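Report on the following structure.
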Amino acid sequence: MEIFLASLCLLGTFLQCTGQASEFHLEGDYLIGGLFDIHHVSTPVYHDRPEANDCTSQQFLLPNYRRFQLMRFSVEEINNSTNLLPDVSLGYEIFDICSDIQSFPGILKLISVNGLIQTWGEPQKSLLKTIAVVGPFTSTQALTIAPLFMVDFISMVSYGASSSVFSRNQNFPSFFRTVHPNKDVIEVIVKIVQHFNWRWVAFLNSDNDFGSDGREIFMTKIKDTDICLAYTKSLTLQTNYTQTFKQIETQKIHTIIVFAPKMIVEALIDSAIEMNVTNKVWIADDGWSLNKNLPKKEGIKNIGTVIGVSQPVVTIPGFSDFISSAKSQMHCENAEQQIFCNQVCNCSSLGAEDIVTADPTFSFPVYSAVYAIAHALHNALQCRSGRCNLSPVIIKQLKKSNFTLLNHSIRFDENGDPKFGSYSIVFWNHRGDAEEVGFYHFHPWISFFINNTKIKWYTNGKVPTSLCSVECPVGFAKEHIGIHKCCFNCEICPNGTYVNTTVDPYKCNRCEENKWSAAGSTSCQLRVVEYIPFTDIGAILIMVGAWVLVGLTLAMSVVFAINYNTPVVRSAGGPMCFLILGCHSLCSISVFFHFDKPTSSFCFFRLFPFILFYTVCLACFVVRSFQIVCIFKIAAKFPNLNSWWMKYHGQWLIITVAFVIQALIHLIGYSNDPPKPYNDTASYPDKIILACDINITAISCSVVLLVLLCSLCFIFSYMGKDLPKNYNEAKAITFCLLLLILSWILFATVYMLYHGKYIQTLNALAVLSSLYSFLLWYFLPKCYIIIFQPHKNTKQYFQGIIQDYTKTISQ
């Protein structure tokens, strides 16, 4: 079937309405459709059969009627122009679509030819006289009717449908709009919220395509910001606003974003005034920020501060005169002219002043939409030198739009969205006016500005806060509470950590090994690297002491060598004395490696020479103590042991075994885990102590061997306490051992309490003290006798002492 007749069943019922001459229709060479919701159905109307809504019986919307008149004015202005569309007259067919989903009669008339609608897929037999449509206003209206126009690529230029879905060019190829999409309005709202550091907000949106789209975009925009959506609610005229405000108060939200049309917002604000909702910041979208009634309502000042995003008010020259002229002529029109349904207003009671001073929002989008269609038609008809020709297919020309209108460059991007315009940021002052306090420009580049001084907050000067949790002090990390990132506890970052709020405010980061921080820090500082240099006064004194010790051992060795065969030297140990003195000199090497920056070799020589050669020294004293006891006490009781000891040179065997055991301990331990330098960062938070990492197992075994030798030496010395004076080394050795033990006990005590750089100085001092104890209290008295008391260094003197001892024992 070539002609789709089913629609006529609907259309036939609509041609029965007659009335006053219509402002909705104007004849012309080409018609522009107009879709304006001059009236609005607040509650859906249900019918038992297909039937048109009588829009005149619904609520009248003055701002929308103003936009309707702006379209009429724009067409008349274009028709009076000699430059745009010369010799071509534009007409219009405008419909009052008071319902979002029940406004098809007017739509079907626009896409029909002579009352007939051609079916899809049929070849086009005649051209539609309607070349394009201005409107509709709401996103839901546009979503409902746009598919009917998209099929035949009839251009739609909406002045109010801002849902993001219309940016999908593949779904809406002939859809254009002169109003910015929701993403741009939401972008400005987010900028405002961030500008005033509000982080705990409510988002109230209308329960339709426009509101739902705005909420989804807002949630996406704040995902990577500090803003938290504490509460959201979809509103209708039937919503229980009391419950909504209770929820907002319970959650202590002080900033409320309202993204809804005029009627819902008025009901919401009325409820807020009635419930005495106070101390809030209200952020308005561009649909109600310039509302003329709300700022003057009684009690509006009590609800808090209202700021909003609005379209800049553009004064359109000649519009006021047009309205005045149109209103004066309305009563003279023919009252018998037949019109189509929903092309009646019954607005004769309105004065010109009422219309001109109504909410001007979306006025320039209507004006620029009509002009965009006219310019596209002008280019499609190839108008030159006052003449036009060819067919009016304008979709391609609309995409190429580039003209200037009231100092605005009108262009569209590839999705049909505007590449012109800006937003104003307004504040409802105490006079009931929307005062401009800032702007957001899109082109040629994005710029944002708010003059804070112009805003008079309900707090009398201070910017209100809207936070779930107060921002943490410097140096504190956040700890989440619940699901919202804006709700948190504050925990101070301990020593050695810091918080970087720009990267991750929820984590205390550890400082690098060479850095430190005090509790509550936001950055780390370099640690002070500490060690004892060779130039340190303490190091110099100890190294001088070590050189003195070497000198003393050398001098004593010379004295002992010269007096080698004397009784004092023989009783002191004879050849063993030179071994002890030589090992003392070798032990002193360790002292020099306790200073300067530790290296692997330094760490090795700090302990190895001292432990190894001091083992030999102690073994010599053990053997010497044992020999004295053996001569005077054991030989008589155990002659075989004495003979074995003399035959196999037991003293050298014991010394060799002790040396080999200690050397093996070092070899095995250090080959597996040699000592190495390390940075001690645990002892002090702000310092790095350069120290050596020692194999604990190896050093423990070495110390055990040394302790064993000390114990044996002490036991044998005690056993010989009553021997002849010149042969009794017990007191001297015991005293030396006590000094040795006391030195290391003191060092161990300090080491447990103090871990600073001077511990190496104390360690070197303990080593030096261990060496001096035997040198000064064992060998020095012998040298004194040799040099200053030579009469005591004779055989007769020693024999006399032995005889006295024998008599004493026999008694």
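Here the Cβ of each residue, glycine as well, is placed from N, Cα and C on the backbone.
Copied from TrEMBL, the annotated features are:
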- 1-19: signal peptide (SIGNAL)
- 537-564: transmembrane segment (TRANSMEM)
- 538-796: domain 'G-protein coupled receptors family 3 profile' (DOMAIN)
- 576-595: transmembrane segment (TRANSMEM)
- 607-632: transmembrane segment (TRANSMEM)
- 652-668: transmembrane segment (TRANSMEM)
- 688-720: transmembrane segment (TRANSMEM)
- 732-754: transmembrane segment (TRANSMEM)
- 760-780: transmembrane segment (TRANSMEM)
Quiz item: Quick one: do the transmembrane segment (760-780) and the transmembrane segment (652-668) reach 3+ CB pairs under 8 Å, ignoring pairs fewer than 6 apart in sequence?
Solution: no
Quiz item: Apart from its near flanks, which chain residues at least 6 from the ends of the transmembrane segment (537-564) lie with a Cβ under 8 angstroms of it?
Solution: 572, 574, 577-578, 581-582, 584-585, 588, 591-592, 594-595, 758, 761, 764-765, 768, 771-772, 775, 779-780, 782-783, 786-787, 793
Quiz item: Counting only residues 6+ away from its ends, which parts of the chain sit with a Cβ under 8 Å from the transmembrane segment (732-754)?
Solution: 621, 624-625, 710, 713-714, 717-718, 762-763, 765-766, 769-770, 773-774, 777-778, 781
Exercise. Determine which residues of the chain contact the transmembrane segment (652-668) at the Cβ level, with the cut-off under 8 Å and only residues 6 or more beyond its ends counted.
Key: 579, 608, 611-612, 615-616, 618-620, 622-623, 698, 701-702, 705, 709
Exercise. Mind looking up the mean pLDDT for the domain 'G-protein coupled receptors family 3 profile' (538-796) in the predicted model?
Key: 86
